[in-house]
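Pulled from Swiss-Prot, these are the features on record:
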- 1-21: transmembrane segment (TRANSMEM)
- 35-55: transmembrane segment (TRANSMEM)
- 59-79: transmembrane segment (TRANSMEM)
- 101-121: transmembrane segment (TRANSMEM)
- 123-143: transmembrane segment (TRANSMEM)
- 171-191: transmembrane segment (TRANSMEM)
- 197-217: transmembrane segment (TRANSMEM)
- 227-247: transmembrane segment (TRANSMEM)
Amino acid sequence: MIGSLAGAFAFGTVLPVPAGSTATLGRGVMTALPGVGIVLGAVAAAVLWAGSWAFGPHSALAGLLAVAVLLLATRGMHIDGLSDTVDGLGCYGAPERALRVMRDGSAGAFGAASIVVAVGAQTLAFSMLPGGWSGAVGVVVAVTAGRVAALVACRRGIPAAEGSALGGRVAGTQPAAVVLVWLAAVAALAIPATERIWQGPLTVVVAVGMTALLVRHCVRRFGGITGDVLGAAIEVTTTVVAVGLVIR
């Protein structure tokens, strides 16, 4: 378990985890990925709190700094995956052509727009969260729910897209029970994030459900999942949860 968690940090963050202490990327590492989300969410929440202290309550700049820390801590690979996935979904042609577009490395119009929307929505939503522990919990929930969505994308029965090295190592590795346990845990964690006790859990479930539909569409379009699809699942879910938690 320790090796899997270390592997999850090595895979999902810039932390210099010693190679000898990590498990090989696969089922165990992916199962531990939401644990990385908890830590990243706590760091982002601390930055949001510090920014709110420095710039005033509900400062958009504080929200932007929290998002920036997440981007730095993850090497921006998830937001890059969102951009590539949106570009792939936005092109015409066979799955092979869509995959070539995704592997091109440059962001198209759709991909660039998706980055702006995701970063902007997360920034504003984080800044609108209530102060104190409720707001901190909200950030942790949003970031962790994104990693639970990655497990949904790797659940049993989901294939890897042709030629995807990362997809081939993690696709279909997560049993439904693992996904449900993590989903229930994050939904329970979301209870104190809002004044209405049902709003947080409902937001998490709806967001993860929406991402499951996105993953299904990606499987139809690309023939399976790729590392970019995992990044898209993480960013979409994080964004939807953050926005859902600030609905009045």
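Placed from the backbone N, Cα and C atoms, the Cβ positions cover glycine too.
Put simply, of 35-55, 171-191, 197-217, 227-247, the stretch with the most CB pairs closer than 8 A to the transmembrane segment (1-21) is 35-55. The stretch with the most CB contacts under 8 Å to the transmembrane segment (35-55), chosen from 101-121, 123-143, 171-191, 197-217, is 123-143. Counting residues 6+ beyond its ends, the transmembrane segment (59-79) has Cβ neighbours under 8 Å at 12-14, 40, 43-45, 47-48, 50-52, 115, 118-119, 122-128, 139, 143, 146, 227, 230-232, 234-235 in the same chain. Remote same-chain partners of the transmembrane segment (123-143), defined as residues 6 or more beyond its termini with a Cβ less than 8 Å from a stretch Cβ, comprise 37-38, 40-42, 44-46, 48-49, 52, 57-64, 66-67, 70, 186, 189-190, 192-194, 200, 204, 238-239, 241-243, 245-246.
Of the ranges 101-121, 197-217, 227-247, the one with the most Cβ pairs under 8 Å to the transmembrane segment (171-191) is 197-217. Note on the transmembrane segment (227-247): residues 77-82, 84-86, 88, 102, 117-118, 121-122, 125-126, 128-129, 138-139, 141-143, 145-150, 152-154, 161, 164-167, 170, 190, 193-194, 199-200, 202-204, 206-208, 210-211, 214-215, 218 of its chain, located 6 or more positions outside it, place their CB under 8 angstroms from a CB of the stretch.
Sequence-distant contacts of the transmembrane segment (101-121), counting only residues of its own chain at least 6 positions beyond either end whose CB sits under 8 Å from a CB of the stretch, comprise 64, 67, 71, 79, 82-91, 222, 226, 228, 235-236, 239, 242-243.
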